[in-house]
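As given in TrEMBL:
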DOMAIN    1-94  domain 'Cadherin'
DOMAIN    95-209  domain 'Cadherin'
DOMAIN    210-314  domain 'Cadherin'
DOMAIN    314-432  domain 'Cadherin'
TRANSMEM  431-462  transmembrane segment
Amino acid sequence: GAYVLQVKATDADDPTYGNSARVVYSILQGQPYFSIDPKTGVIRTALPNMDREVKEQYQVLIQAKDMGGQLGGLAGTTTVNITLTDVNDNPPRFPKSIFHLKVPESSQVGSAIGRIRAVDPDFGKNAEIEYNIVPGDGGNLFDITTDENTQEGVIKLKKALDFETKKAYTFKVEASNLHLDHRFHSVGPFKDTATVKINVLDMDEPPVFSKPMYTMEVYEDTPVGTIIGAVTAQDLDAGSSSVRYFIDWKNDVDSYFTIDATEGTIATNELLDRESTAQYNFSIIASKVSNPLLTSKVNVIINVLDVNEFPPEISVPYETSVCENAKPGQVIQTVTAADKDLSPAGQRFSFRLSAEASNKPNFTVHDYRNNTAGIETRRNGYSRRQQELYFLPVVIEDSSYPVQSSTNTMTIRVCRCDADGTILSCNVEAIFLPVGLSTGALIAILLCIVILLVIVVLYVALRRQKKKDTLMTSKEDIRDNVIHYDDEGGGEEDTQAFDIGALRNPKVIEDNKIRRDIKPDSLRFPRQRPPVEDNTDIRDFINQRLQENDVDPTAPPYDSLATYAYEGNGSVAESLSSIDSLTTEADQDYDYLSDWGPRFKILADMFGEEESYK
């Protein structure tokens, strides 16, 4: 009686004329599953609980026929395809009540170890099943999920199995519909339960270490060969096998430690230095003697403990200053300590004056007991003239074992300060650098000055050398027409390397190649001297000897005469040379010297007096 659909047929006859337009519906095919109302055409189900799992689709043939007319009843037909939609009216069912699985103990955590399946005759989402493990024996070791493609329950491992610990597990699995239809709650519970039994299979497993990680400690400088700890691994299989140990040689620290292959004891192989390396981290591998391929690895951490080797020292600076006008109890410097050892937590340093300095009334050390100390003055003022430097021995002691201490000498320089304590000058450099340049800056300035002086000296030397080379080049070049004189009035020494005749007549060079500044070797002309008469005038004698020497190629040159045609041209005083003068000295008039001004007054007076004497 459930409503399916309604069909309707139309008749073109006049509905007011008899029963020609009246239609009656009937089913020709589709019984006994469906029925139709002859007047309304409403189709309904004819059987209860039609099952889609038995038959899904139906074809129903419907006839519509009018009720009158001369031609009798006329009919038309149509086919209706009816598909049953699925509803969640069937619970899932396990095909068997117990499932048996065998799982190796070496199975990895998270891997699937088996599958079970419940059957649901519904379709689509109505057939989706959810699996759950009933709390009990295997709830902590196993888990189950649904394969969306096959609707199977996949059992997975949550924890590692151990045959030696437990060989079998039993638990229950429940399968239920994921989507329930409230119309079918009365049918019963839509779920089913099955039992799963898992048998653990024994496998040959690697050794197992007693700890997941080992931590050991050793003092630095421990003698080589000292045992610092041990690792332990066991074969838990039924047939227990011996275990061998060795260090993973892939690490760089393999040379610092060794391990006994049988006992697993770890010993030092080299001297350790905590200041160099404070911690070592490496791996140890254990393997079964019966099957060396089965190995396990564990991490080992070795912490190197510090031994108090080095005494503490004052941190920089080692030098400080004090003002001449300092007052007693004034802190001039705060010092701290540094220790080459890696100081443990809570390390304390103490400060005090050495025994020999405790009785001196200059300075003292105030220990603040927080690993710092202050250098305080004990006098009312200091004099730089009396003593410029003070040396203060400070003893520093640590709190480690064994106790280490050292004496550090601080240099205290007396400085001149203003009333506010600002340093004005401390040492010699302040004389030159009142603005406060440091020693390094003073050295840099002096170095720059020295470099500049060296550059100037080199420059002057190069200029002189260049000038000397130019003079030498000019003297050696016979073609040079310029004569360089080193000494004024040198006379014939100025023309040793030149033929002065070349200046008067260049053709002489072509006609006569004989140099007159050196004595020729090849030409030897006999010197013929005519007899001198007794009554010969002395002037003729001199002219005769002068002519002989002028034509003698073996004689060196004497004074030369150079004529300058334009000497003194353009000068107010004209030429002062007497070589071309046409008149004698007596004919000269020197009155014009008085007109030249005060610079020539003395010269004018000299020649004026001489004129008056004459």
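Placed from the backbone N, Cα and C atoms, the Cβ positions cover glycine too.
Looking just at the domain 'Cadherin' (314-432), the mean pLDDT is 86.
The DSSP breakdown of the domain 'Cadherin' (95-209) into helical (H, G, I), extended (E, B) and coil residues amounts to 10 helix, 53 strand, 52 coil.
In terms of DSSP helix, strand and coil, the domain 'Cadherin' (210-314) has 0 helix, 48 strand, 57 coil.
For the domain 'Cadherin' (1-94), DSSP puts the residue distribution at 0 helix, 38 strand, 56 coil.
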